[in-house]
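> Per TrEMBL, repeat 'TPR' is recorded for 237-270, 339-372, 475-508. Summarising the annotation, TrEMBL assigns region 'Disordered' to 514-565. The annotation compositional bias 'Basic and acidic residues' is assigned in TrEMBL to 514-523. What TrEMBL records for 529-549 is compositional bias 'Acidic residues'.
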Amino acid sequence: MNVIDHVRDMAAAGLHSNVRIMSSLLLTMSNNNPELFSPSQKYQLLVYHADAIFHDKEYRNAACKYNMALQQKKVLSKTSKVRPSTGGTASSIQSQSLPSEIEVKYKIAECYTILKLDKDAIAVLDGIPSRQRTPKINMMLANLYRKAGQERSAVTSYKEVLRQCPLALDAIIGLLSLSVKGAEVASMTMDVIQSIPNLDWLSAWIKAYAFIHAGDNHRAINTICSLEKKSLLRDNVDLLVSLADVYFRAGDTKNSILKFEQAQMLDPYLIKGMDVYGYLMAREGHLEDVEVLGGRLFNISDQHAEPWVISGCHSFYSKRYSRALYLGAKAIQLNSNSVQALLLKGAALRNMGRVQEAIIHFREAMRLAPCRLDCYEGLIDCYLASNGIREAMGMANNIYKTLGANAQTLTILATVCLEDPVTQEKAKTLLDKALAQRPDYTKAVVKKAELLSREQKYEEGIALLRNALANQSDCVLHRMLGDFLVAVNDYQEAMDQYSIALSLDPNDQKSLEGMQKMEKEESPADATVELDGDDMEGSGEDGDLEGSDSEAAQWADQEQWFGMQ
């Protein structure tokens with residue numbers, strides 16, 4: 001047993017730090033005395049040394065060492081051709097024990113992918129002949145092709161993965177996301193479904209994800225629910241997360257949160273999908289719960305985008321936009337395919353007045369998730385913020401034609417129509433159609449209430465909002481009902497509605513302003529007396545103002561620090 005065998009055994013045993021030190025010393029010896037090790041032994045040493053560096057997460061250095069190993073392998077190939085071994089069997093055994101050149105190229109591609117050098121990774125893997133590509137090489141290639149927009153090549157690679165491994169479900173999702181028909185994908189797994197017992201659910205599983213990627217949320221929900229109710233798949237966390245996500249896409253916040261909570265109870269270490277859950281919770285005003293969720297996920301892993309997005313949503317809905325921007329950027333750095341991170345960063349940029357930068361992020365989110373309407377909504381909001389009504393109308397019409405006339409697409413189109421006095425009647429028709437389909441769709445109710453407020457049809461608005469609140473409790477709806485009640489001089493119930501809105505979202509500034517305005521109007525005499533009293537005192541007010549300025553300065557310093565991170 002020679003020294004190279006000892007290094008190989010240490011590598012197999014996972015003693016990476018030991019391998020790194022020993023292989024470094026042996027390689028230095030080899031450089032000073034080239035006759036000390038054979039070309040094949042030096043190749044082995046370089047690969048083991050690169051593997052140890054890769055384990056230490058020094059990916060640029062590892063890629064360099066792997067490339068040196070490949071150069072050494074070329075030297076080895078040339079010498080073996082020039083001087084063929086007389087002991088054919090011994091030579092064959094030695095070549096079989098050498099680290100695989102294909103595996104080395106895969107490791108180089110892995111390094112490049114981690115370093116976000118996708119073009120270099122594709123170039124390395126493209127250099128491997130098709131017949132020599134393993135399933136994991138084809139899977140990596142497929143993902144890289146899809147990210148680069150090379151859809152045809154991605155489809156070919158995903159299909160090759162399925163040809164070799166027909167139960168590679170992530171490859172199936174990849175094909176469906178590239179608009180390959182569900183029936184075609186299912187046909188590639190039919191043999192294995194028929195030959196293995198208890199796999200009859202797989203056809204329905206493929207059908208469900210085909211509906212998801214076609215944007216048919218209603219049929220996707222029905223299919224996943226039927227799967228989830230089957231005794232063998234009941235309480236499967238992945239199915240519950242998928243179901244929660246489809247409810248979210250369909251605009252059903254209540255059921256989405258319910259399913260996310262159910263999945264989280266089954267798996268306390270769940271990370272996947274928690275960014276959407278955190279966003280929904282923040283949007284509903286449950287900021288304390290969002291803060292707890294973010295902290296818990298950071299304890300599980302800070303190398304995933306999800307905890308950073310959750311913390312970013314907490315900052316965004318606390319109106320700390322620079323902090324939200326930083327956290328969104330950090331999440332994208334960890335996962336450039338995180339749609340929720342792109343939406344968070346886009347929303348923060350939009351609210352900071354950097355509309356053109358926001359548009360870039362919303363467009364990228366649209367590219368990654370063409371069936372998620374919130375990506376389009378973000379882009380339309382940007383167009384409207386920059387007075388680009390024509391662009392917004394074009395986008396809204398395109399969504400309406402592509403995804404069909406459902407409550408969400410009708411509401412999006414109506415939202416744009418409301419911006420132009422000429423198309424307000426059309427907006428009313430669209431909203432009525434949306435509410436006929438889904439009377440509980442909050443966004444449609446809000447837009448219809450806004451339209452009725454403009455027309456000063458307060459009684460009709462009150463009836464609409466009461467009807468919507470009969471089956472749900474929503475901060476915005478309660479606040480709007482308060483506004484309508486003020487308009488008809490029903491101050492007591494208006495105060496009650498503002499109080500309910502603030503109990504649901506203590507940070508809702510508009511509800512607070514409405515309540516404060518009513519309090520001033522109800523007791524102007526008391527306010528005058530208090531003001532006169534303050535004027536007579538004359539002493540404490542300046543001190544209070546100084547304290548407020550000092551406190552504001554401290555928060556400003558913190559915001560500046562967060563923004564610089």
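Numbers here mean position along the shown chain, with the first residue as 1.
Backbone N, Cα and C atoms are what each Cβ position is placed from, and that goes for glycine too.
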> Per DSSP, what is the helix/strand/coil residue tally across the repeat 'TPR' (339-372)?
27 helix, 0 strand, 7 coil
> Sort out the residues at least 6 away from either end of the repeat 'TPR' (237-270), same chain, that have Cβ-Cβ distances under 8 Å to it, and list them.
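Contacts with the repeat 'TPR' (237-270): 208-209, 212, 217-218, 220-221, 224-225, 227-228, 276-277, 280-281, 283-284, 300, 371-373, 407-408, 438, 441-443, 472.
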> Kindly report the helix/strand/coil residue split of the repeat 'TPR' (237-270) according to DSSP, in that order.
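Across the repeat 'TPR' (237-270), DSSP assigns the residues as follows: 27 helix, 0 strand, 7 coil.
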